[in-house]
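Undergrad: The following block contains the structure, expressed as structure tokens.
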Amino acid sequence: MKKREWVPAVLFIVLGIHCFVMPGFVLTGSLNVHSYLAQVLHVCFWIGIPIFLTGIIYLVWKKRKRSKGETS
Amino acid sequence: MNTIFLKLFGSVLFLFLIVLLPLGFVVQQIFSTYNESHLQEETAELAQQQADLLPLLDERRLGLLVDALSENTAREIALAGANGEIETSSGVEEFSPAALGAEGTYQDEASGREYYYAEAEAASNSFDVTSVYVFSPKHLLGGSMNELLLALIWAGTGSILLALGFTFIAARRLTSPLRSMEKAARQMATGNLNVQVPASSKDELGSLARSMNELARDLKQFRNTRREFLSNVSHELRTPLSYVQGYSRALKEGWYRSEEEKQQYVHLIHDESHRMTRLINDVFELSKMEEDRFPLAWELVQIEEIAEAAVQKIKPRARQKGIDVSFDADPDLPAAAADPMRVEQIFSNILQNAVTYTHEGHIDVTLSRQNKQIWCRFSDTGTGIDEEHLPYIFERFYRTDKSRSRAHGGSGLGLAIARELTELHHGSISVQSRTGQGTSFLIQIPAAEEEEE
Ligand SMILES: Nc1ncnc2c1ncn2[C@@H]1O[C@H](COP(=O)(O)OP(=O)(O)O)[C@@H](O)[C@H]1O
Ligand SMILES: [Mg+2]
């Protein structure tokens, strides 16, 4: 992927995270930089879990395949 | 933007809408019923509190109780006597418990507001009030429900955007090999077969790319051999044609001194045209063999009989050159499935070469059985073939010495035909040679299976 192609993807993701942060303020009604960032971190944490899991599964799979390739 | 990418993108959007809209509806419903029952409970609790307060109040304070509730909160209150008549109320004058029951919803005619209300029994008190009714307006709920809806919409939009963002990356990754493949295929279609499709992944796409590369390579080789073949054929034809042209011109212009010379020219023209005919026949046969649709008349034959016939046919020419040809075959050679005419063609091509490239000495033909194969060995004591030429002598038009071979009438197709024919018979052909000492060709033909009669 070229650099130019990452731009829309990153834009979508950043906007998505922003949208996820908003409900917190709609319901509590208080908005400040600190709580905004905290909420962003929370959302990122939940996004990160599947990415992290996928990464681990991918690594394990790759390692196993490599060791299999050596023996055969 | 390519269409596969858009399709992927669109499908993800579609999927998310399909899932998110009903999910949003259900979540909203869950929250609203939860809120409603919560409000009901709250109202009932409040009514009970007021009822419990009643016995502790005096006349003046009763009005205060009603005012406190109706003015400080959005709620209203009504107090009913033993006969079911409303004694005091705030804002809900037309309410009558007899018609509506102890709990439920009530719409005030005057203000048009909707309320949940709940009843509580009052302990005996100085006002003759038996029941306390508390009214909670429904719009208390409405406000929080709107906020909830807004929050849900934000979260839904967020999830769609996130999904699109990641789909964007995934779709790019998936389609980029497809795109490069498509580009390469388009280039191949326009005739540029040197392009390589990048094949890094090990999935279906990778194997597709690899097959495309293979196809391109085959096609390129095919194109090259065809080009080479055409240039070879035209080159081979040019020499005899120029001879024919030259000598016929000489005849036409009368450029000869004697009748004898004239006859010589005619002979030369005849020879050259004969050579061209042979060349064209050979090329035609060879191309048919290479296309794998060469008809063979399969028979069960004794290879040694065919070999002996071929040897007999070559003997006169060998004797002229003073070369001895010996033939030796194992006594009990098995039969083989073969086309006798074509097998003889193989043998005579090799024998002709042996006689042609041998100037003194002898040619030995030996047939023996090795496992399930019949080995036919043709050894001569001729000039031999230089090591640098050995790998190529079975190729079309390949000759170690163009001018000398031409003098013998060879076109360079003899061994190519022999190899093709042997391979059509599921056999193999190989050569060993040492310069100046001789050459030995070995042809291996599979023997027929015993039961294959
Ligand atoms: N028995 C042999 N001894 C020496 N050289 C040989 C022998 N057989 C074949 N060759 C070499 O292999 C080349 C190819 O043979 P062939 O295909 O029969 O073509 P051609 O006989 O028309 O030249 C010949 O030009 C010759 O140089
Ligand atoms: Mg020959």
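Note that Cβ sites are derived from N, Cα and C of the backbone, with glycine treated the same way.
Sharing the record's features from TrEMBL:
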{"type": "DOMAIN", "residues": "B:172-224", "note": "domain 'HAMP'"}
{"type": "DOMAIN", "residues": "B:232-449", "note": "domain 'Histidine kinase'"}
{"type": "TRANSMEM", "residues": "B:12-31", "note": "transmembrane segment"}
{"type": "TRANSMEM", "residues": "B:148-171", "note": "transmembrane segment"}
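Thinking about packing and proximity, how do these listed features fit into the structure?
TA: Across the domain 'HAMP' (B:172-224), mean pLDDT in this model comes to 85.
Remote same-chain partners of the transmembrane segment (B:12-31), defined as residues 6 or more beyond its termini with a Cβ less than 8 Å from a stretch Cβ, comprise 145, 148-149, 152-153, 156, 159-160, 163-164, 167.
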Undergrad: The transmembrane segment (B:148-171): which same-chain residues, six or more beyond its ends, come within Cβ distance under 8 Å?
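TA: Residues 4-5, 8-9, 12-13, 16-17, 20, 24, 27-28, 31.
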